[in-house]
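Student: What TrEMBL lists as active site, proton donor/acceptor is 70, 181. The substrate binding site feature in TrEMBL is assigned to 7, 8, 39, 40, 71, 72, 182, 183.
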Ligand code: DGL
């Protein structure tokens, strides 16, 4: 079983990390479009075009399944990727909704989705959560967290200022905070501290691992795995960050 993992850049490593812990696959091929990141500020047609180009890359690698780690791509390009691939293509939004449904028993729960502007504008989380009977949902674009994480800012003064900037006017404490962007799990400890322990954090990577287990019935199987990294620019930088983020 060869799994492809696609992201607009390095952020998808947070999803790859959770997937590696499952031992569901023998081989992992990660591709980040580092030359053209961020996708989260781009328009739909551009996101679709770049995503289809990435799909061509995964076809040459003959993957058995593709996980789209990027929320922005999952929001705009999942259907077109599926119709152009002859292997399953899974997106993190469906996984995140499944994980939220499993986490929150009360349909009145307040859910805050934080994501890139493009993901928020798509309202894919809201639509999916509505279908599951959740209606207390707010989606907020918190794009500044992306460059901060890329700079290695996971805590401290700058991040706290950004929390203030984005969340100061929140009038409620969310029951669940959906980390609807690949980069956000890296600041999850700081977010948890800010919102308090009553807020459940939904992490795309863990959600995807859960979906693979629940819906594809995959089981822990492979101990020795093969891991390859590819990027549209500066593969060395991607590998260096992978060493850091994946321990
Ligand atoms: N990977 C993107 C996402 O999860 C964040 C970075 C970007 O904007 O490309 O939405």
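Using N, Cα and C of the backbone, Cβ positions are placed for all residues, glycine too.
Please treat TrEMBL annotations as automatic predictions, because they have not gone through curation.
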Student: Which of the binding-site residues 7, 8, 39, 71, 72 has its Cα nearest to the Cα of residue 181 (active site, proton donor/acceptor)?
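Tutor: Given the candidates 7, 8, 39, 71, 72, the nearest one is 71.
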Student: For the recorded substrate site formed by 7, 8, 39, 40, 71, 72, 182, 183, which further same-chain residues have Cβ atoms within 8 Å of the site's Cβ center?
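Tutor: Near the substrate site, beyond 7, 8, 39, 40, 71, 72, 182, 183, sit 9, 11, 12, 37, 38, 69, 70, 73, 116, 119, 146, 181.
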Student: Which entry in the list of active-site residues, 70, 181, has its Cβ near the fewest other Cβ atoms, using 10 Å as the limit?
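Tutor: Sparsest of the active-site residues 70, 181 by Cβ contacts within 10 Å: 181.
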Student: In whole Å, could you give the widest CA to CA gap in the substrate site formed by 7, 8, 39, 40, 71, 72, 182, 183?
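Tutor: For the residues that bind substrate, the greatest Cα distance is 13 Å.
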Student: Please classify the secondary structure at residue 183 (substrate binding site) using three-state DSSP.
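Tutor: Its secondary structure by DSSP: coil.
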Student: Using a Cβ-Cβ cut-off under 8 angstroms and a sequence gap of six or more, which residues of the chain neighbour residue 72 (substrate binding site)?
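Tutor: In sequence order, the residues whose Cβ lies under 8 Å from that of residue 72 (substrate binding site) (at least 6 apart) are 8, 39, 40, 42, 47, 115, 116, 118, 119, 181.
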